[in-house]
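Visitor: Take this structure first; my questions come after.
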Amino acid sequence: MKLLHPAFQSCLLLTLLGLWRTTPEAHASSPGAPAISAASFLQDLIHRYGEGDSLTLQQLKALLNHLDVGVGRGNVTQHVQGHRNLSTCFSSGDLFAAHNFSEQSRIGSSELQEFCPTILQQLDSRACTSENQENEENEQTEEGWPSAVEVWGYGLLCVTVISLCSLLGASVVPFMKKTFYKRLLLYFIALAIGTLYSNALFQLIPEAFGFNPLEDYYVSKSAVVFGGFYLFFFTEKILKILLKQKNEHHHGHSHYASETLPSKKDQEEGVMEKLQNGDLDHMIPQHCNSELDGKAPVVDEKVIVGSLSVQDLQASQSACYWLKGVRYSDIGTLAWMITLSDGLHNFIDGLAIGASFTVSVFQGISTSVAILCEEFPHELGDFVILLNAGMSIQQALFFNFLSACCCYLGLAFGILAGSHFSANWIFALAGGMFLYISLADMFPEMNEVCQEDERKGSILIPFVIQNLGLLTGFTIMVVLTMYSGQIQIG
């Protein structure tokens, strides 16, 4: 007798085995198979959450909390009227009252069976989904909130460090004509642009919309926004460099230099206009006029606001003028305008710092870093403008520091507003302000500082310094935003 093929034997054996396992007798004879009934599910719940054969009210509440049911804050007497508003998320007390449960009640199988449709309806309506998310966000926010001591302590410390920048102006006066000073100032201006712009993109504006960098994943999109800005900046600078070299090769001179240098006639007309308006008397003392021969362009209004040209004007004046006491009536109007505008600017800075610290210590320090990078070059420029407007060194230091102290007032308002109201509105205001300061105020100032080097033919070094400052500020803000959850302070 021939044996069957091994492969056919295996298939036949598997078929017989499958038929045997699917017969009802096999299931009935299986000793480990428990009998499943409707009551088994209720008994399992009572066994896991209760004691014996019943549940206490607290144990039933634990079951509801596990299912995210009964977490509302409503009143059943107000909502349950003729089957309306059943989509409301009820509290556990409301649900217990609807079934006449008291504190001493014991919930057995029959009571739990009657209570199950209530649980099923609340789960199906998803009424408590938004309530649970809000409760989780509130718990996370309350855990992350800094204490009052941390808010005021870190806030006062950061504002003090920022305000001390206003006293650094006098220390740099001897170095204003040095090449390294101008390039260092250029780096700080570019750094301020990078930090302010990136702080608005990565922290202030997203915080105003309620975004979380660890949950909403907006950092990459904000980086693309900065990339678009940087791409056009880089392309424009490269094109200017190439066109300048081409023009120098063909014509032997730069068209940019001819545009930035006014003619002698224009310079003289600018001086006469200032003399007629009476502004030049405040900007340049009579005994120093003889020292400014050939430097008439510095009195142009656009150049007076710029940091570099104002420093050239100040360096050309005699040091004895700075040390003289000046009557307040002899101080130019420009000095008071600068002091008032700088005070308002510092107040808004303090407002942003205070509101940031009420959210988290890390957010406050990030905002303070951006403001510090912006304040350093601005305070140096403001100090020189005050000197040129007729103030002595002592007066310039005093009023510059006085305007810087407005940051303390803004800090107090920011902390109080952020503690009692939503800080998102303050973040929105500060974000818009940071964008304006970085792009409309400091960016033209950075280009103006580069003009002298461009006229001399040294274009590459200022371009590299600008890129280093912008990318450094961008990197600082990206790192602070990405690792805000991992870095612990205090």
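Each Cβ is built from the backbone N, Cα and C atoms, and glycine gets one as well.
According to Swiss-Prot:
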SIGNAL    1-28  signal peptide
TOPO_DOM  29-155  topological domain 'Extracellular'
TRANSMEM  156-176  transmembrane segment
TOPO_DOM  177-184  topological domain 'Cytoplasmic'
TRANSMEM  185-205  transmembrane segment
TOPO_DOM  206-222  topological domain 'Extracellular'
TRANSMEM  223-243  transmembrane segment
TOPO_DOM  244-395  topological domain 'Cytoplasmic'
MOTIF     249-256  motif 'HHHGHXHX-motif'
MOTIF     374-379  motif 'XEXPHE-motif'
TRANSMEM  396-416  transmembrane segment
TOPO_DOM  417-422  topological domain 'Extracellular'
TRANSMEM  423-443  transmembrane segment
TOPO_DOM  444-458  topological domain 'Cytoplasmic'
TRANSMEM  459-479  transmembrane segment
TOPO_DOM  480-490  topological domain 'Extracellular'
Visitor: How do the residues of the motif 'XEXPHE-motif' (374-379) split into helix, strand and coil according to DSSP?
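Guide: So the motif 'XEXPHE-motif' (374-379) is made up of 6 helix, 0 strand, 0 coil.
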Visitor: Taking the transmembrane segment (423-443) as the reference, which of 156-176, 185-205, 223-243, 396-416, 459-479 gives the largest number of Cβ pairs under 8 angstroms?
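Guide: Answer is 185-205, with the largest number of Cβ pairs below 8 Å.
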Visitor: Give the nonlocal contacts of the motif 'XEXPHE-motif' (374-379) in its own chain as ranges (CB under 8 Å, at least six residues past its ends).
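Guide: The answer is 162, 165-166, 168-169, 185, 188-189, 192, 195-196, 307, 342, 346, 349, 400, 404, 437-438, 442.
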Visitor: Under 8 Å for C-beta pairs, could you tell me which stretch among 185-205, 223-243, 396-416, 459-479 has the largest tally with the transmembrane segment (156-176)?
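Guide: Selected stretch: 396-416, with the most Cβ pairs under 8 Å.
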Visitor: Can you count helix, strand and coil residues in the topological domain 'Extracellular' (417-422) using DSSP?
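Guide: Going through the topological domain 'Extracellular' (417-422) residue by residue, I get 4 helix, 0 strand, 2 coil.
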Visitor: Ranking 185-205, 223-243, 396-416 by the number of C-beta pairs under 8 Å to the transmembrane segment (459-479), which range is first?
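Guide: Stretch with the highest Cβ contact count: 185-205.
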